[in-house]
């Protein structure tokens with residue numbers, strides 16, 4: 001049986017080649033409910049991957065999936081390859097057909113649709129999609145070319161398919177608005193910078209918000225007393241330092257391409273490198289006759305889509321990279337093996353650059369180093385390599401068994417460190433610096449916030 005009509009919230013997370021969809025039902029508010037109690041219940045979830053590399057893979061699961069009583073009791077599932085999915089709009093359209101066929105949920109049952117939008121510019125909070133706000137988000141697409149366009153295409157379908165429902169944009173940039181001016185500013189002419197909105201915005205904010213509240217609950221500390229260094233590591237990767245429950249700094253900047261390298265992103269590089277990389281002369285030269293014109297579109301395409309560990313190893317699968325990086329040298333495989341180790345060690349090195357800098361920004365007063373994101377949650381060897389390096393800062397020793405068993409844990413937050421009773425070690429600073437893994441959930445973060453906002457209901 002489907003949840004009550006008019007009480008459903010759909011949360012959509014558009015990636016560069018994927019679409020995650022989760023349907024929630026809003027709980028009836030109760031005066032006695034705990035302030036940190038979930039305001040929504042999961043109904044079903046779907047994911048569509050490989051949208052840009054067909055055939056796309058479609059997965060649907062949840063208690064509402066399946067028409068038989070037995071499957072509804074145990075939680076049904078559906079998994080298949082779909083040739084007809086060519087883009088995010090057709091992916092979402094396919095999901096809507098399955099929603100009614102497999103779960104008997106009609107479009108009119110949905111009251112709110114929450115959209116993760118990566119770049120929100122100066123939007124200070126979530127915003128209901130109107131003609132004006134849609135155009136404002138559209139103007140920001142060039143600053144997040146792998147994501148904003150995909151999100152807008154799905155928003156457009158939702159406005160067409162759900163005329164009665166309200167679409168709400170949730171921005172990854174909102175979480176980072178408390179960053180101090182001197183950290184967010186760029187060292188360029190401020191008249192031009194302010195006019196064009198050139199500054200550090202930061203991203204993965206929905207994930208960081210979820211992690212902050214989850215870790216605060218796990219450590220039994222108020223969010224405003226929490227100091228964290230958080231690693232959101234996935235195909236798009238970033239680091240955030242949280243001081244007293246607010247974003248102090250983060251690795252991504254004006255666009256998501258800066259900071260850590262990703263599957264196809266370069267991360268931070270010398271700004272002039274792109275011009276030498278595309279130079280016709282094949283070497284550094286300032287001769288106009290040998291220089292090739294490189295416009296913003298070409299440069300951003302290279303740095304966003306033709307860089308990262310895919311450029312080093314010809315694969316975006318970091319699990320495969322970590323696995324092959326461990327192989328022993330062989331006479332016939334050393335060159336091939338080395339590219340995987342190069343990508344693995346380069347990623348570790350860049351992560352450590354930020355961990356060290358952010359440790360200093362917190363004056364050593366750190367409650368935990370937190371791993372999250374697809375790679376942060378799944379890569380046992382990456383966590384092991386990083387934890388080994390940060391021990392000198394007073395972080396607790398790695399619990400190898402807990403680290404290996406993270407995937408089996410049912411908890412949202414898992415400790416993978418051995419409690420250290422000696423707080424007088426190097427960099428201890430009077431705090432027990434734990435190593436945690438958080439199974440982040442951006443869809444829940446949006447839907448839960450929407451359900452808690454009583455002005456919407």
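Numbers run from 1 along the shown chain.
Backbone N, Cα and C atoms are what each Cβ position is placed from, and that goes for glycine too.
The feature active site, proton donor/acceptor is assigned by TrEMBL to 172. Under the heading Mg(2+) binding site, TrEMBL lists 13, 442. Marked as ATP binding site by TrEMBL: 20, 232, 233, 234, 235, 236. The substrate binding site feature in TrEMBL is assigned to 116. Marked as site 'Transition state stabilizer' by TrEMBL: 204, 265.
The two recorded residues, the residue listed as 'active site, proton donor/acceptor' and residue 204 (site 'Transition state stabilizer'), have Cα atoms 5 Å apart. Looking at residue 204 (site 'Transition state stabilizer') and residue 233 (ATP binding site), their Cα atoms lie 10 Å from each other.
Across the structure, residue 234 (ATP binding site) and residue 442 (Mg(2+) binding site) place their CA atoms 14 angstrom apart. Take the binding-site residues 234, 236: by the count of other Cβ atoms within 10 Å of each Cβ, the lowest one is 234.
The shortest Cα-Cα distance between residue 236 (ATP binding site) and any of the recorded positions 13, 116, 265, 442 is the one to 265. Neighbour counts were taken as the number of other C-beta atoms within 10 angstroms of each residue's C-beta; across the recorded positions 172, 442, the minimum falls on 442.
Of all the recorded positions listed here (13, 116, 265, 442), 442 has the Cα closest to the Cα of residue 232 (ATP binding site). Inclusion criterion for the binding-site residues 13, 20, 233, 235, 442: a C-alpha placed within 10 angstroms of the C-alpha of residue 265 (site 'Transition state stabilizer'); this criterion is met by 235.
Distance between Cα atoms for residue 235 (ATP binding site) and residue 442 (Mg(2+) binding site): 15 Å, as a whole number. It is 18 Å from the Cα atom of residue 116 (substrate binding site) to that of residue 233 (ATP binding site).
A distance of 10 Å separates the Cα atom of residue 20 (ATP binding site) from that of residue 442 (Mg(2+) binding site). Ranked by how many other Cβ atoms sit within 10 Å of their Cβ, the recorded positions 20, 116, 204, 232, 265 place 20 at the bottom.
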